[in-house]
Amino acid sequence: STMRKRKTTDSPHSSTDLSEGKEKFKLKQEVGLISGVSLIAGTMIGSGIFMSPEWVLHHMGSPASSLIIWAACGLLAVFGALSYAELGTIIKESGGEYIYILRIFGSFPAFLFAYTSVILVRPAGLAAVCLSFAEYAVAPFYPGCSSPQVVIKCAAAACILLLTIINCLNVRLATSIMNIFTAAKLLALLVIVVGGLVLLAKGQTQSFQNAFQNTTAGIGAVGVAFYQGLWSYDGWNNLNYVTEELRKPEVTLPRAVMIAIPLVTCLYLLVNVSYLAAMTPSELLSSGAVAVTWGDKVLGSWAWLISLSVALSTFGSSNGTFFSGGRVCYIAAREGHMPGILSMAHVRCLTPSPALLFTSAVSLIMIISGSFTTIVYFFSFIAWLFYGMTISGLLYLKIKKPELPRSYKVPIIIPIIVLMAAVYLVLAPIIDQPRIEILFIVLFIFSGIILYFPLVHFKCHPRFLQRVTLHLQLFLEVAPTTRDAN
């Protein structure tokens, strides 16, 4: 169905119904409060807390200032998620930023977001997390030396394929795995926290003496430090991607946010304190994998537990990223901004399998090249560009359309703070240290114009595409879905 039809037709019998009067075919509401908290916390706690602390310290220069960055990142994630929770109770549709930009600003900016997110941002983020998983998973097989790149990339590809199978089979299976892995990674972080508290009790506080010494004050360095810290908090907005699959979204969404993000923030701060208790700042900076170095120093012969925990953590996080990322592709296709086949769901499993398969295929291509720090830098730049646009949409609704029904309201100062932070995070690294790659990213975003006008605006669809869609529909056993009218 076209974008225009979707906007003007809010009846349950829209053009995507299987037939007039029949029961609607849609994704199930399988995600409750515990699964919601697990989706947020489980996606946030991935590879970041095990890899980013050294980079935050590197850019900030001192232990105390790096801890302030971690706390500020957590506060920003809470403010952003609370703002998104209000948007989620006004626009009760899945799709996160995409659906909010579409409903508030219109078709063109929403298409640019979907195009960038589906082809670049989500697959790159998933590839980065899976590469982190692979690095820790294969490390025990190569003691005393670095693992071959081909083995790491094969393990990352195997991880993506396994996640594809799980998420295509059953939503409940995917959320159950999320719950189990979230519990496992929380346990691993608690081990690090308790170990750190024991070290502090024994008097290992040398890292916290003159803690502000060598602090960096440059706006660009602070911005890049925020990028590294916020990478560890990425996932705070994931529940908004699956709003239609939430039970009682108006209650579950704000509650899950207020449980998950403060919990993760406290854990992150305590884990960083633990790292600094076990290592001097110079040791932390020279560590290739902070958590593993911590394990070697504190756990001794049990250090392998940390490598196992990090592998489990990153696998759980990539599952959450995959679960929500596939939904953006699915919703964009349902609104006419992606090929129609991607808007369909499996007739028995009721999962958006074509969208998941497409996300998986692009992520596998991404694995072939790209380093962790480069992916984080560009992922964060694009993400905060669109977060800023989404938050400005919420401010527009609060000021211009206060009469819209909403079960939850956030004080207006909170989205204003988030918008100011987003503007800073987008502009500070460009002003302080311009990089040619940022220009390439902006050019890539606007290259979507070439596709938008012929395919979406003028609807020039080659006839052979309809035949391809029909054959794929039969092969994949999928059918069009409907959405609830809100």
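Note that Cβ sites are derived from N, Cα and C of the backbone, with glycine treated the same way.
Per TrEMBL, the range carrying the annotation transmembrane segment out of 31-52, 207-228 is 31-52. A contact between the transmembrane segment (64-85) and the transmembrane segment (345-369) is absent, since fewer than 3 of their C-beta pairs, 6 or more residues apart, lie under 8 Å. Long-range neighbours of the transmembrane segment (180-201) within the same chain, counting only residues 6 or more positions beyond its ends whose Cβ lies under 8 Å from a Cβ of the stretch, are 37-38, 41-42, 45, 49, 267, 270-271, 273-275, 277-278, 291, 294, 298-299, 305-306, 309-310, 312-313, 315-317, 319. Of the recorded ranges 31-52, 302-324, 345-369, the transmembrane segment (256-278) has the largest number of C-beta contacts under 8 angstroms with 31-52. Touching of the transmembrane segment (97-118) and the transmembrane segment (302-324) is ruled out by the presence of fewer than three CB pairs under 8 A, sequence neighbours closer than 6 excluded.
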